[in-house]
Amino acid sequence: MPIIEQVGAREILDSRGNPTVEVEVALTDGTFARAAVPSGASTGEHEAVELRDGGSRYGGKGVEKAVEAVLDEIAPQVIGLSADDQRLVDQALLDLDGTPDKSRLGANAILGVSLAVSKAAAESAGLPLFRYIGGPNAHILPVPMMNILNGGAHADTGVDVQEFMVAPIGAPSFKEALRWGAEVYHSLKSVLKNQGLATGLGDEGGFAPDVAGTKAALDLISSAIEATGLKLGSDVALALDVAATEFYTEGSGYAFEKETRTAEQMAEFYAGLLDSYPLVSIEDPLSEDDWDGWVSLTAAIGDRIQLVGDDLFVTNPERLEDGIQRGAANALLVKVNQIGTLTETLDAVSLAHNSGYRTMMSHRSGETEDTTIADLAVAVGSGQIKTGAPARSERVAKYNQLLRIEETLGDAARYAGDLAFPRLEAK
């Protein structure tokens, strides 16, 4: 039985140059593992709380308090526990924090320990992380939802939609899907250059041109796909992360594309997009607390497209259960740092799958070189992963880990492809 012997922590930098927490765990059998915690730019109101230092250091974003929480409070509580009992370890973390939103110790401190323990236990068992968490049947490689054009909170432009993604659903393998996505990415750069548009990058590696709006951006990406010789729709589909909470104001509605719109008008806009473009997924099309709007939208177009709750659910089993009962959305975005422990993340995924909801594993805009979510995507069979453009090493690290996993699985590997999107309509 591998016992936790040492727990260490430090402040490191994420991909935006902001501090984050890294945790190291050593077991009595000599096993060692490390995990780094990501952070988001557009964060949901209901997410677990990151502990930041405040003050002038790092503009108030330092995490020395979270590091101290790991070293002074968490370590004494988990040292001596069995690393292979993840639920026991995570419950000890929750009990120690004692708040519903992890605000005392910080979700960044708690998650770092939770993930490092799981990685150490996998190492001790001599298993890849995806196999340790997912068991012998974990074999589905996810469709990479590549954010190749950035807007919203991820870019300083007038584009309101936060992410425009390509999904290589027609590829025969993850390796080929990655190639297709990379070729479309480079093709888009050429399309932008030819039109005199900027090719600077946003937080997640996608281009951030200042284009007229949603349809103009989708047209650019469609042209880039077709320029590679791939078929728009059957080979490579499109997806959006609207992040609508960012432009919603209670009482006045959605300030979208120079108009103030109601939830019903937003729904009409999305229905129009479905008629014109091969979209397979829309994330956060409405605000995180617009439950009535979500229910109406799901009833209107939920049989035609995947509607993903990110800010709506914040990977929280309780909010997800509420949404399932109401009939809001039909898919869950999974971000481990939104909820703060591996166990709660796995519980949310299980609830989603058992309720007929799809799941999409996701990074954050502030990432590190940690590749845990790549293993998690395969472990839980999510069939979809969102980890940015095929550029910037903190994004590519996850894609490269999935290449390794596909190679490890050999003939047992299966690429999810269009089966990840059962609502897909041929266009």
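Using the three backbone atoms N, Cα and C, a Cβ is placed for every residue, glycine included.
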Quiz item: Considering the Mg(2+) binding residues ASP241, GLU283 given in Swiss-Prot, which of ASP203, ASP210, ASP310, ASP311 is annotated for that site as well?
Solution: ASP310
Quiz item: Since Swiss-Prot lists GLN162, LYS335, ARG364, SER365 for (2R)-2-phosphoglycerate, which candidate among LYS189, LYS386 does it give for that site as well?
Solution: LYS386
Quiz item: Among the recorded positions listed here (GLU204, ASP241, GLU283, ASP310), which has the Cα closest to the Cα of SER365 ((2R)-2-phosphoglycerate binding site)?
Solution: GLU204
Practice problem: May I have the list of same-chain residues other than ASP241, GLU283, ASP310 whose Cβ is within 8 Å of the Cβ centroid of the recorded Mg(2+) site, in sequence order? | Solution: GLN162, GLU163, LEU240, VAL242, ALA243, ILE282, ASP284, VAL308, ASP311, LEU333, SER362, LYS386
Self-check item: Rounded Cα-Cα span from ASP241 (Mg(2+) binding site) to GLN162 ((2R)-2-phosphoglycerate binding site), Å
Solution: 6
Quiz item: What is the number of other Cβ atoms found within 10 Å of the Cβ of LYS335 ((2R)-2-phosphoglycerate binding site)?
Solution: 25
